[in-house]
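Database features, via TrEMBL:
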- 207-278: domain 'Helicase-associated' (DOMAIN)
- 376-447: domain 'Helicase-associated' (DOMAIN)
- 454-524: domain 'Helicase-associated' (DOMAIN)
- 531-602: domain 'Helicase-associated' (DOMAIN)
């Protein structure tokens, strides 16, 4: 698929630079509406593009299509600038191509059928989302055909120049696409999810990769007779002794990771590794396994005594833990006979994993809440912090810089100073790394995965409230929702609504199609100057309907709360408006389509 973009410039307030032609009288309204930021077509009663305008746009796409070698599909990006050369229409040189509006008009059935047929013949992409999805389907189908599965690594990109892949897919970052699908599983449309499930799509990459990792370890053991994998070992490719899906796997790195994270592995994974004789610690780099972690019964009892005393020093917690290598302080209140003793906590936990501790010792430590699995413990602490935040604030919209306050009795002491905002950021960005149970636990407590989505709801609430109060959405850029004003929902107090609207209009914020439809339904003002003009025309038409003429006194103001007038017109200084319009019309400052409107009202 061809994708083109380009620089563009804001030109809707400036006249077009065109070559004068006698037949180009329609270009003024064209430039003011087509090549600027137009109001959404759903707000216009007439088609946005005349037949002549549609033909010009078709010429642009034909030029792009031909220069690209006539590909099967052609997609033009929103910022594409019409090149200032042949074969592109001279009238449009240097202007931004209104592809978004063109697609919108197509959805509303406002384009000429013959023109649409010519666009279709070139494979013009009307629906970008559907086009990208179809491309993804082709890529996933080809990946499965080549590799036999859909275990796509997050960094995988379709190789360039590889004849096994269609040329239009070369360099496609398929791993990123797959990762996005996994992270956004809850938002994938049912029909697409059904197709992915039927293809054998792997939603839980962590669990799927675990089976692949086990397969690699089992194969290594079969080939080499042991599991003492060297750090730099990589599974060879094109080797029939190895399953195809593990070719190129950095098995040495995997083994090192498993050893370093042993305390965070789930019981069923530990059991599987122990059953095959996994080597948890190497005696020296690249050679034989270390002996099992062993502690004499006397040492075990000493550690129990140390941990029980430590428990008395932290009565504010529900658990007890010490650093990986803990040296008992040589000072009170520690008992003298324990001072200076060393607890090798990591090794002690490994002995527990290997079943090398006395059952009574394990029972005693369970009784005081000793942390056997530090990974699980850290997760539990995060959940407790989030639950506390929600109990205090009513939601989980945690600010990025939020720190749990010190000396706040509403928070557990061991959470004081915790960078909860950073924790939330890591959870959102690493969602694909969480287990299904962890994601379910967060979902159950109302965790906000997409902070932008929640902010969107607040912005929409602010827009709805503004319209309810003012009757329109022509919001000044500097407008901020007043705080402590009972006429506004408390959630939007102090919201810089003018900035929000400006960002949407300018394109700094890019709403999804669903959100664009919600804005259209609400009556969002995409082009404030056009909206202001339309309101003036509505007011003049209303006056003529009520009074039978358009001879409006200069001091006339539309009456407030008069049912004969639309609410958005109340208090408009209509006499002054008409005076300025007449002055501007005498100076030929209006394009032809606006002159036609004024002539129909009897103003010019």
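Each Cβ is built from the backbone N, Cα and C atoms, and glycine gets one as well.
Comparison of 207-278, 454-524, 531-602 by number of C-beta pairs under 8 angstroms to the domain 'Helicase-associated' (376-447) places 207-278 first. Across the domain 'Helicase-associated' (376-447), DSSP classifies residues as 43 helix, 0 strand, 29 coil.
Sorting the domain 'Helicase-associated' (207-278) by DSSP state (H, G, I as helix; E, B as strand; all else coil) yields 43 helix, 0 strand, 29 coil. Computed over the domain 'Helicase-associated' (376-447), the whole-number mean pLDDT of the model equals 82. Residue counts for the domain 'Helicase-associated' (454-524) by DSSP state, with H, G and I taken as helix and E and B as strand, are 40 helix, 0 strand, 31 coil. DSSP states for the domain 'Helicase-associated' (531-602), grouped as helix (H, G, I), strand (E, B) and coil, give 43 helix, 0 strand, 29 coil.
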